[in-house]
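Residues annotated as active site, proton acceptor in TrEMBL: A:LYS194. Sequence annotations record features per position, and here TrEMBL assigns NADPH binding site to A:SER14, A:TRP15, A:ARG35, A:TYR52, A:LYS109, A:ALA143, A:ARG258, A:VAL282, A:GLU284. TrEMBL lists A:LYS109, A:GLY139, A:LYS194, A:ASP247, A:SER257, A:ARG258, A:ASN259 with the feature sn-glycerol 3-phosphate binding site. Under the heading domain 'Glycerol-3-phosphate dehydrogenase NAD-dependent N-terminal', TrEMBL lists A:6-163. TrEMBL lists A:183-322 with the feature domain 'Glycerol-3-phosphate dehydrogenase NAD-dependent C-terminal'.
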Protein chains: 2
Amino acid sequence: MSNKPKIAVFGSGSWATAIVKMLCENMETVGWYIRSEQSLEYIQENKHNPNYLTSVEFHIDQLKLSNDINEMIDYADYLIFVIPSAFVHQELAKITTSFEGKILFSAIKGIIPESGLIVGEHFHDILKVPFENIGVITGPCHAEEVALERLSYLTIACRDENKAEIIGNSLASRYIKTKTSDDIIGTEYAAMLKNIYAIAAGIAHGLGYGDNFQSVLMSNSIREMKRFIKKVHKMKRNINNSAYLGDLLVTGYSTFSRNRMFGNMIGKGYTVKSAQFEMVMVAEGYYATKSAFELNQKNGAKTPIIDTVYRILYEGKNPKKQFKKLTDLLD
Amino acid sequence: MSNKPKIAVFGSGSWATAIVKMLCENMETVGWYIRSEQSLEYIQENKHNPNYLTSVEFHIDQLKLSNDINEMIDYADYLIFVIPSAFVHQELAKITTSFEGKILFSAIKGIIPESGLIVGEHFHDILKVPFENIGVITGPCHAEEVALERLSYLTIACRDENKAEIIGNSLASRYIKTKTSDDIIGTEYAAMLKNIYAIAAGIAHGLGYGDNFQSVLMSNSIREMKRFIKKVHKMKRNINNSAYLGDLLVTGYSTFSRNRMFGNMIGKGYTVKSAQFEMVMVAEGYYATKSAFELNQKNGAKTPIIDTVYRILYEGKNPKKQFKKLTDLLD
C-alpha cells in the first residue's frame with residue numbers, strides 16, 4: 001500500500017470523522033488535521049472524537065494527527081476539506097505553505113460566506129488551484145449511518161476522473177460504494193442547494209403542511225435545482241442520480257437535518273435570530289440561501305422556492321403568507 | 001350549478017371517501033355507489049363512513065347513495081372508479097347497463113389481476129371504451145390528509161384535456177389543487193409502479209438498511225420508472241412532476257403505506273404468505289410486481305428493483321441475498 005498517495009482530512013466534525021473512518025478501512029496512514037489541541041489530545045488518549053460519532057473507535061497508530069494546518073498540507077498529496085463553510089476562510093488564512101501540486105477535495109457542502117462561492121470555485125478563483133486538481137465528495141450520506149456501517153453511496157467528482165477514482169477507491173469498503181463524476185460544479189451546487197430545500201421542507205412542516213405537500217415540494221425542488229444548475233454550468237447530467245436527487249431526499253426527509261430543523265423553527269414562529277440562537281451552529285442553508293438568490297438574480301432561472309426562503313430569512317417576510325403564495329406556484 | 005355534469009364515485013374505501021368529500025365542496029349532488037347495504041345505511045344514519053376517514057362528516061342531502069351499480073352508472077355522466085383493483089373484475093361483472101357515452105375515470109392505482117392490465121387499459125381493451133372517454137386521477141395524496149384538509153395536489157389525466165379539466169375543477173378547493181395531463185398511460189403506470197418501489201423500500205427497511213440507502217433506492221427507482229414507462233408508452237413527459245416523482249415519494253417515504261408495511265414484514269423475515277395473512281387487505285403492489293415483471297419481459301427495460309422484488313415475492317428467493325445483489329446494481 002506504500003505506493004498509495006497520502007491523504008489528509010481537515011476538520012473534526014461528524015462528517016470529517018466519518019471520512020477518516022472510511023479511509024482507515026483502506027489506508028495504512030491517514031492524516032487528520034484537528035484545529036483544537038484539546039480535541040486532538042482527547043483523540044490520542046481515548047481513540048474517539050470527543051464530540052461527534054463518539055462510538056467510532058480509531059487505531060491511533062493509523063492516524064497522523066496534527067493541529068498545524070501547514071504541516072498537514074505539506075504531508076499529504078490529497079487534501080480533503082471538511083471544515084464547516086463558515087470557518088473555511090479563517091482556516092485558510094493560517095496557510096503559509098504552498099498548494100502547488102496538491103489535489104484539493106471538498107466535502108463541505110456550502111457557500112463560503114466571505115467570497116459567496118462554493119468551495120470548488122473558491123479554491124479555483126481565490127487560491128488559484130487549477131480545476132483538474134479540485135474535487136468534490138458528495139452523498140447522500142448521513143455521517144451517523146457511516147458510524148453504524150450502514151450501506152451508503154458516495155459520488156466523487158473531479159474533472160480528472162483518475163483523481164476521482166483514487167479518492168473513490170480509498171473511501172470504498174463493504175459499507176461504502178462510490179462512483180465518479182466529472183460534474184464538480186453541478187454536484188457541489190446540488191449539495192448546497194439541497195440545504196435550502198431542506199429549510200423549505202422544515203418551514204412547511206412547521207406551518208402544518210403534511211406529507212402530501214412535502215412530496216410536491218420535493219418534486220418541485222428537484223426541477224428547480226435542475227434549472228438553477230443548468231444556468232450555472234450547462235452540461236449533460238441526470239439530475240435524478242444519487243448525487244443530486246438522492247442527496248436532496250436524504251436531507252429533505254431527514255428530521256435530523258440541521259437545515260430542516262432551522263426551517264421548522266421558522267415555520268413554528270421563531271424569528272430568524274431566535275432560531276439561530278437556539279442552534280449551536282448556524283445551518284449551512286442560511287448562507288446558501290443568500291448566495292443562491294443573489295447568483296440567480298443574474299442567471300434568471302425560475303426558482304420560486306429559493307425566492308420564498310430568501311424573503312422569509314432575509315427580508316423578514318411572514319412565512320405563512322409567503323408559503324401560501326408559493327403553493328400557487330408549485331404543481 | 002345545474003349545468004355541471006353528474007359525477008358518481010364507485011367504492012367505499014378511504015380514497016373513495018376522500019374523493020366524495022372533495023366533490024362535495026363543489027357539487028350540489030354527488031353520486032356514491034357503495035356495495036355493502038350495511039355501510040350505505042350506516043352512512044345515511046351517521047353521516048360518515050363506518051370504516052374509513054370516520055371524521056369526515058357528509059351532508060346526506062348532498063349524496064345520491066345507491067348499492068345498485070347499474071342504477072348509479074345510468075345516473076352519472078362521469079364515473080370515478082375507486083374500487084381496490086382486486087375487486088374491480090367482480091364489480092364490473094354485475095353491470096348489465098351500457099357505458100355508451102359515459103366517461104370513466106380511474107383512481108384505482110393498480111393492476112386488475114384477472115386481465116393483468118392497468119385500469120385504463122382494461123376499460124379500453126375489455127370494456128371497449130374509447131381512450132377519449134378514459135381518465136386517471138392521481139396523487140401524491142394520502143386520503144387521511146384530505147380528511148384533515150391539508151393542502152394536496154392532484155393530477156387529472158385524459159387524452160381529451162377538457163374532460164380532465166371538468167373533473168379537475170370539480171375536485172379543486174381551498175385544500176386541493178389540480179392540474180391536467182394527457183398522459184393517461186404514464187400516470188397510471190407510475191401510480192402502479194410506485195407500489196412496487198414502496199415494497200422495495202419496506203424490504204430494505206426491514207433488512208436494516210438506513211436512510212442513506214433509502215435515498216439511493218428512491219433515486220434509482222425514479223430512473224427505473226422512467227425507463228419502464230418509456231417502453232410502455234413513449235411520449236414527452238417530465239418524470240419529476242408530482243404525478244410521478246411526487247407520488248413515488250409520498251408512498252416510498254410513508255410508514256403508513258400498506259405496500260411499504262408489507263415489504264417491511266418480508267424484510268423482517270415473514271414469508272409472503274404469512275405477511276399477507278397478517279394484513280387485512282392484500283397490498284396492491286403484490287399484483288403489480290407480477291404484472292410489471294411479466295410485461296417487462298417483452299419490453300426489456302433495465303429494472304433491477306422490480307426484478308428483485310419479483311424474485312422475493314414470486315420465486316421464494318431470500319430477501320437478504322437478493323438485496324445484497326441489488327446493491328451492486330444501484331448507484
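Glycine is no exception: its Cβ is also placed from the backbone N, Cα and C atoms.
All features noted in TrEMBL, drawn onto the structure.
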residue  : record                               : DSSP (3 states)
A:SER14  : NADPH binding site                   : helix
A:ARG35  : NADPH binding site                   : coil
A:LYS109 : NADPH binding site                   : coil
A:GLY139 : sn-glycerol 3-phosphate binding site : coil
A:LYS194 : active site, proton acceptor         : helix
A:ASP247 : sn-glycerol 3-phosphate binding site : helix
A:SER257 : sn-glycerol 3-phosphate binding site : coil
A:GLU284 : NADPH binding site                   : helix
Distance [Cα-Cα, Å, rounded] between A:SER14 (NADPH binding site) and A:SER257 (sn-glycerol 3-phosphate binding site): 13
Count of other CB atoms lying within 10 Å of the CB belonging to A:GLU284 (NADPH binding site): 26
Interface-adjacent recorded positions, chosen from A:SER14, A:LYS109, A:GLY139, A:LYS194, A:GLU284 when a CB lies under 8 A of chain B: A:GLY139
Other same-chain residues whose Cβ falls within 8 Å of the Cβ centroid of A:LYS109, A:GLY139, A:LYS194, A:ASP247, A:SER257, A:ARG258, A:ASN259, the recorded sn-glycerol 3-phosphate site, in sequence order: A:ALA191, A:ASN195, A:ALA198, A:VAL250, A:THR251, A:SER254, A:GLU284, A:GLY285
Span of A:LYS109, A:GLY139, A:LYS194, A:ASP247, A:SER257, A:ARG258, A:ASN259 around sn-glycerol 3-phosphate - largest C-alpha separation, Å: 16
For A:ASP247 (sn-glycerol 3-phosphate binding site), the one of A:LYS109, A:LYS194, A:ARG258 that lies nearest, given that the recorded positions are compared by Cα: A:LYS194
Local confidence of the domain 'Glycerol-3-phosphate dehydrogenase NAD-dependent N-terminal' (A:6-163) - pLDDT mean: 95
Neighbours of A:LYS194 (active site, proton acceptor) among the binding-site residues A:LYS109, A:GLY139, A:SER257 (Cα to Cα, within 10 Å): A:LYS109
A:ASN259 (sn-glycerol 3-phosphate binding site): tally of other CB atoms within 10 A of its CB: 25
Most Cβ neighbours inside 10 Å, all chains, among the recorded positions A:ARG35, A:LYS109, A:LYS194, A:ARG258: A:LYS194
Fewest other C-beta atoms within 10 angstroms, as judged across A:SER14, A:SER257, which are the binding-site residues: A:SER14
Largest CA-to-CA spread of NADPH binders A:SER14, A:TRP15, A:ARG35, A:TYR52, A:LYS109, A:ALA143, A:ARG258, A:VAL282, A:GLU284, angstrom: 23
Between A:SER257 (sn-glycerol 3-phosphate binding site) and A:LYS109 (NADPH binding site), the C-alpha gap once rounded to whole angstrom: 13
